[in-house]
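Student: Here's a structure for you.
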Amino acid sequence: MDSMICLCSFIILFIFPSLSLIEAQASLCRSSCGDIPINYPFGIDDGCGNPYYRHMLACSDPGKLELRTPSGRYPVRSISYFNPHILVIDPFMWNCRDGDNFRPVRPFSLDTGTHLSLSPENDYLFFNCSKDHVIVEPKPIFCQRFPELCGSSCDSGSYLCKHLPECATALGGSSCCSYYPKAAKSLRLMLKYCASYTSVYWTTVGATAGSPYNQVPEYGIRIDFDVPVTTRCLQCQDPSMGAGTCGFDTKTGNFLCLYHDISWHSRAGVIAGTVTAVSAAGAIGIGVSIWLLKKVRAKAPVTCGVQSNENRLF
């Protein structure tokens, strides 16, 4: 009897809290911020998603999603998971309302150690650049004359400079040229000699006559991301396995499968080890409890309370 009471106490004190902790963590994994869905590999709550993207996204109370980078926090316009990319807005970039009034800028940058990268779909426009430090020339002609300098020139004959999205005539008499920085360092260097910049990405809006799609330029910065796929995460998300949420231990970074319904754990065999979402200590505790239970079954006819056909464990 004493052994059974000890076993029951062990389960209540150590096993149930471990499972409840997993359930509690899963309930904290919000699936959206405002109208932007938050899916794997991202998470806006610690322990959710993939640890590679930990602390990169922040969701404020009004539902405003922001991307954290070394250069600051930037509002997120949208996230695409089918063609993995994030669209962000740099508040310091030039926009149509600025016209010829160029505000102080702060160069956008990404941490090169992350799984994020600037998309080649971006075009960068620079305004009022110093011709003493920047090669501002129409590229087709300049590249024919000086092919060795073609990659270093800022194209003053750019289509986008002549057709600024949403405000073709906003610049007035200011100069404009297009240049794709090969690295964040190049962007900082350009802004050292140019009054301001803006980024334009090309988005597909639908089919037109004679073309399967139509690309339209919009202001913003497109950032591509990788989706780390693991067998454990695929199994975790499988509806037949409980449709869990892929997450990680906030202390160790180890993978965790998080569930919203604690009752599913016993049905799916988590205790038997089919799917694990508890810590190593919790797993050991479960094994010990099963061993103790089997050992005392023959000696103790009663469980916690009164044993009946309805509450038998085995």
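Each Cβ is built from the backbone N, Cα and C atoms, and glycine gets one as well.
Where the annotation comes from TrEMBL, it is an automatic prediction and has not been curated.
As annotated in TrEMBL:
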DOMAIN    29-89  domain 'Wall-associated receptor kinase galacturonan-binding'
SIGNAL    1-20  signal peptide
TRANSMEM  270-293  transmembrane segment
Student: Using DSSP, what is the helix/strand/coil residue split across the domain 'Wall-associated receptor kinase galacturonan-binding' (29-89)?
Tutor: 3 helix, 26 strand, 32 coil
Student: I'm checking region-level scores; what's the whole-number mean pLDDT for the domain 'Wall-associated receptor kinase galacturonan-binding' (29-89)?
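Tutor: Here the mean pLDDT over the domain 'Wall-associated receptor kinase galacturonan-binding' (29-89) amounts to 92.
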